[in-house]
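These notes concern the structure reproduced below.
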Amino acid sequence: MARVLVLYYSSYGHIEKMAEAIAEGARGAGAQVDIKRVPETVPEEIAKKANFKLDQQAPIATVADLEQYDAIVVGTGTRYGRISSQMAAFLDQTGGLWMRGALNGKVGAAFASTATQHGGQETTLFSIITNLMHLGMIIVGLPYSHQGMMNMTEIVGGAPYGATTIAAGDGSRQPSAIDLEGARHQGELVAKTAAKLFG
């Protein structure tokens, strides 16, 4: 049974919901799945004033956790078209894993959230994928077998590089049914790929 980690950072809960959907898809494909988040770097008082979602249930990950998994799916909200500082700070600590080749050949994937439709979804996915490729991971995206990406009747997230959602500038838009379907589909593909590689 493949072991999958869904590792995320979420300020307002949008990525948390996407992480849960990815985990659901991976479990549905027979994987053992853990959801963990990276540490918050914003001081608690400031985070409260900014209305960050501080009651997230996922445990905090450590860098040492990563090598226990066959697949790691990394998600974060976008900051100016790139990875959040919280996720970057966590991934920047993986140098020891890189030196030992501890993640070489494992499965990696990315998911993201932006405030607007053109707010840097693909560049954020690429900034995650770049880290994963430097760690030697095999990347699984979100292919067009997810029919929701072809939807032209509403604004939807999703790219061939990974599942995404759009939060709106004030955070009022929650992941849509199509966004969550894409996340589940990507989770399923990650789990199936890891199972083929690791049994």
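Keep in mind that glycine also has a Cβ here, set from the backbone N, Cα and C atoms.
Taken verbatim from Swiss-Prot:
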type	residues	note
DOMAIN	4-190	domain 'Flavodoxin-like'
BINDING	10-15, 78-80, 113-119, H134	FMN binding site
BINDING	Y12	NAD(+) binding site
BINDING	W98	substrate binding site
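Around the residue listed as 'substrate binding site', the same-chain residues six or more apart in sequence whose CB sits under 8 Å from its CB are H134, L135, G136, listed in sequence order. In this structure the alpha carbons, written CA, of the residue listed as 'NAD(+) binding site' and T116 (FMN binding site) are 15 Å apart. All protein chains shown were included, and the count of other CB atoms within 10 Å of the CB of Y12 (NAD(+) binding site) stands at 17. Fewest Cβ neighbours within 10 Å among the binding-site residues S10, T78, S113, T116: this applies to T116. For G13 (FMN binding site), applying a Cβ distance below 8 Å and a minimum sequence separation of six or more within one chain yields K53, Q56. Its Cβ taken as reference, G119 (FMN binding site) is surrounded by 19 other Cβ atoms within 10 Å in the chains shown.
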